[in-house]
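All remarks here apply to the structure that follows.
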Amino acid sequence: MPVPVGLSFYASFFTPPLLGSTPRILKGSIKKIFKMEEITNVMEYEAVAKKKLPKMVYDYYASGAEDQWTLAENRNAFSRILFRPRILIDVSKIDLTTTVLGFKISMPIMVAPTAMQKMAHPEGEYATARAASAAGTIMTLSSWATSSVEEVASTGPGVRFFQLYVYKDRKVVEQLVRRAERAGFKAIALTVDTPRLGRREADIKNRFTLPPNLTLKNFEGLDIGKMDKADDSGLASYVAGQVDRSLSWKDVQWLQTITSLPILVKGVLTGEDARIAVQSGAAGIIVSNHGARQLDYVPATIMALEEVVKAAQGRVPVFLDGGVRRGTDVFKALALGASGVFIGRPVVFSLAADGEAGIRKVLQMMRDEFELTMALSGCRSLKEITRNHVVADWEAPRASLPQPRL
């Protein structure tokens, strides 16, 4: 069984964790191998999290839908993109800053919405908000957070987006959006790939439910903040009862009538839907397959990216999440047209391992790796990262390239 790309460090210690196998420790203990100060890349936090978290919680964060083919492919596809670095360029000064929806941030690496973070660490979303703010980047808060929009806002300044699921009761949606506005959130990331929850077999086996000491804080006063136990996945039952399966493009337009916040459509994988998103007034698009947790056998997001970028025709920014674990991944996404990336699992695994300090370290490692990739590719700013800096194994043979100029 092949080791998923990016996890080669584990090869001498474990069978591949993405494929759900049991760690096979050949020598020493995880504690010895993974002292916090010895962690040198983002992926090493997953083994620490697996050791520390209850099985139900770790499996919830780590697993994907059905055969988990797309889960592995989200990582593997990055390995099929190679660099075409340019040399003898003065890279003594490198600028990673960028602007997202008018907000200047320190780097094109942002925090994706991940649910129920207090299952990972008692400080949960509070720690994530502080770490993102310290890094000078954007945090996206999940609708299904275990801290409310008001609580996250209370952690201090920072640019924050709010991820929205549309519930059957539209009054709940309106109330939630207005609370996010009042709490200073700057955009809505509308998840559009979840009319029903994907079949996540680890959650079914574990009879996943939110631990009794926690609630979905944004819904606490509405009597829908708890999750009942079920014969399979408590979350799947919750979604079936609450989330609106009739959600359609007209609702993207409806959302614009109840908020002045820009709307990012999260979950686009095709050029056809990218064009409709632009026509429907979206301020941006997030190419996402929900961390491979919804429909299995959809392409890796990095493979779907260019089609979406071409369809958007520069009218709105296009972002990507899914499988980003290295600074090299960030560069590849930007070279293929993304305006930035969002990271999810690295945040919850580092949160579980080391709280706020873990997330800070993840964001710093990603930044450092990305800056190094830019330098070694001959790029001094994001605008210098071009399609000519990468070659993918799925593209046609390269046509003649523009003649280089000194």
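Keep in mind that glycine also has a Cβ here, set from the backbone N, Cα and C atoms.
TrEMBL does not curate its annotations; it predicts them automatically.
Averaged over the domain 'FMN hydroxy acid dehydrogenase' (34-395), the predicted model reaches a pLDDT of 94. Sequence annotations record features per position, and here TrEMBL assigns domain 'FMN hydroxy acid dehydrogenase' to 34-395.
Annotation comment: TrEMBL describes Y60, Y165, R200, H290, R293 as glyoxylate binding site. Cβ neighbours within 10 Å of Y60 (glyoxylate binding site), excluding its own Cβ and spanning all shown chains: 25.
Positions annotated as FMN binding site by TrEMBL: 113-115, S142, Q163, T191, K266, S288, 321-325, 344-345. The number of other CB atoms found within 10 A of the CB of K266 (FMN binding site), across every protein chain shown, is 28.
The active site, proton acceptor annotation in TrEMBL covers H290.
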Calculate the distance in Å between the alpha carbons (Cα) of Q163 (FMN binding site) and Y60 (glyoxylate binding site), and round it to a whole number.
19
Protein Cβ atoms within 10 Å of R293 (glyoxylate binding site), excluding its own
24
Filter the binding-site residues A115, K266, D321 down to the ones within 10 angstroms of H290 (glyoxylate binding site), Cα to Cα, kept in sequence order.
K266, D321
Cα separation, R200 (glyoxylate binding site) to A115 (FMN binding site) (Å, whole number):
15
How many Å separate the two farthest-apart Cα atoms among the glyoxylate-binding residues Y60, Y165, R200, H290, R293?
19
